[in-house]
Amino acid sequence: MPPTTTAVREAGPPPASVLVPAPLDAPRPAPASRTYWLRLALVLTALAFLLRLPSFTRPVWNPDEGYLAVEARLLAHGGVLYDTVVDRKPPLLPLLYQGLFALFGDGSLWPVRVAAVLATAATALLVAAVAHRRWGAGSGTAAGLICLLLSVGLAPEDTQAAAFEVFILPWTAAAVWCADRHRWTAAGLAVAGAALTKQTGAVTLLPVAWTLWRAARAGRTRGRAGAARLAVGCAAPVAAVALLTGPGRFLFWTVTGSAEYVSPRGAWLTALSRAAGAASILAVAAAGLLLAVGAAWAVRDRPVPGDLWVWLAASGLAVASGCQFFGHYFLQLVPPLALTGAAALRALPRPRTAVACWTALACAGFLAWDLTAPAGEAEHARAVAAAVREHTGPRDHVLVWGIHPEELWFADRPPAVRYPTAGFLTNFSGGRGGVRVGERYAVPGTWRTFAADFAAHPPALVVDDSRGAPYAVDRTPTLRELLGSGYRRAGTVDGAVLYVRADGGPA
């Protein structure tokens, strides 16, 4: 009887099935149990709370939060969005602030901080669901965790604020999740939700449309019917909001009225420097994943599916739109970057531990930064607000000439004009420095409305909080004339100048 032999397989590269993403017609991994999803949801929510714990340690992280708080308070007192209450952004987040303030009071941002935790956890869970459907439970868990760890990989005021980008991300991830399942109407609704939170959310339509096109080519969906459902899902909510808020006003404030604001003319160097700085910070957080993606490409062609590259590129387009490059804009890159990294790690199993260790250590470093970061302008805003309360009564109107609307929120005084910051009236932006700042660069029609509001509600107190900025009163003729004709200087507080009515009359 011949001896039994055992074939020995030589070591070699992993099979192509490990390296190349599954084609459209490949079988999907088996669905996970409810227990898996429940446990993952609990883990991701707990981790999201831990990573966003610093957000509860200070009253306001950046002017966006202050603006939204003032806006929500005005809406609650009968203000009309895009009329007596103005904003360059779509309405969903101001309405969320208003709703939470109605339920829990408007004296603290803790309710929206909790909402931000839930939004962050929901984003990670949806990212995990996309990865799980494509590559299995291990990749799903990894993608969800990566998404959370990267979510704090920027400056503290960019990641901890309960502002627009945090609430865009669940919509964008939901759109891709729905498209992956060929639920085109739902995908369109999610794209609309993202766009109605912030305009840049609309770029998620690109990866969704790409997925539809690929599925139609493969015969897995009816292209024309899917496109029609996607279009209806995208257009119907936007059209409804436009009709409810006034089509002309909605279009003006969210699209056409900000030409000077989004133009980088004369400020290219400032914009590019800001972009390089924020991108470098995020690159530190994602360094392990970026190296893994590069290594995966070196080993095998196309380790990352095309729709993820489209999503990542579209998110990059969103970051660049308007050429402001604030750090929080880069948060829109996080979900596609997490999925891209998970795909690369699937192709390269060996460096998983090293990548995981780097990403976790970087996250810990960013979390420590968040907990120890200086308070910035928060103490100044509180000092100004205290002075406002000292010089005015609860019903007195106040004009704060500056770019920190949280001062109005802290003071709990009604604004004399509908523009909570000087930016609408001078085009001043932190992303532009002093370039193209002045009355002639204002949003069209704002100075006429400003004068009418000023006459209708003469402020009992004017706070010049410009502190030498390019929009200072001495560089703003209309405001300088109004102050010169009816107000006198009453003192200073932490660099801000206070003016009261010269006749001493009531507001």
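Please read every residue number as a count from 1 along the shown chain.
Including glycine, each Cβ sits where the backbone N, Cα and C put it.
Automated prediction, rather than curation, is the source of TrEMBL annotations.
Per TrEMBL, the feature transmembrane segment maps to 36-53 (among others).
Summarising the annotation, TrEMBL assigns domain 'Glycosyltransferase RgtA/B/C/D-like' to 89-222. Across the domain 'Glycosyltransferase RgtA/B/C/D-like' (89-222), the DSSP tally of helix, strand and coil residues reads 105 helix, 0 strand, 29 coil.
Tertiary proximity for the transmembrane segment (110-130) is limited to same-chain residues at least six positions away from its ends with a CB under 8 Å from its CB atoms, namely 40-41, 44-45, 47-49, 51-52, 55-56, 65, 68, 96-97, 100-101, 103-104, 140-141, 143-145, 147-148, 151, 162, 166-167, 169-170, 172-174, 176-177, 180, 334-335, 338-339. Summarising the annotation, TrEMBL assigns transmembrane segment to 110-130 (among others).
The feature transmembrane segment is assigned by TrEMBL to 137-155 (among others).
Beyond the ends of the transmembrane segment (230-255), by six or more residues, the same chain brings 81-83, 86-91, 184-193, 195-196, 199, 205, 208-209, 212 to within a C-beta distance below 8 angstroms of the stretch. Per TrEMBL, the feature transmembrane segment maps to 230-255 (among others).
If you look up TrEMBL, you'll see 275-299 (among others) marked as transmembrane segment. The list of residues near the transmembrane segment (275-299) in space but at least 6 beyond its ends in sequence, with Cβ under 8 angstroms from a Cβ of it, reads 13, 19, 146, 149-150, 152-155, 158, 319-320, 325-327, 329-330, 333, 337-338, 340-341, 343-345, 347-348, 351, 354-359, 362-363, 366.
Taken from TrEMBL, the feature transmembrane segment covers 308-331 (among others). Listed by sequence, the residues of this chain that lie at least six past the ends of the transmembrane segment (308-331) yet keep a Cβ under 8 A from its Cβ atoms are 62, 64, 151, 154-155, 157-159, 161, 163-166, 168-169, 172, 176, 199-201, 203-204, 206-207, 210, 261-264, 267-268, 271-272, 274-275, 277-279, 281-282, 337, 339-340, 343, 429-432.
The list of residues near the transmembrane segment (36-53) in space but at least 6 beyond its ends in sequence, with Cβ under 8 angstroms from a Cβ of it, reads 113, 116-118, 120-121, 124-125, 128, 137, 140-141, 144-145, 148-149, 151-152, 160, 363, 367. Regional average pLDDT for the domain 'Glycosyltransferase RgtA/B/C/D-like' (89-222) in the model is 97.
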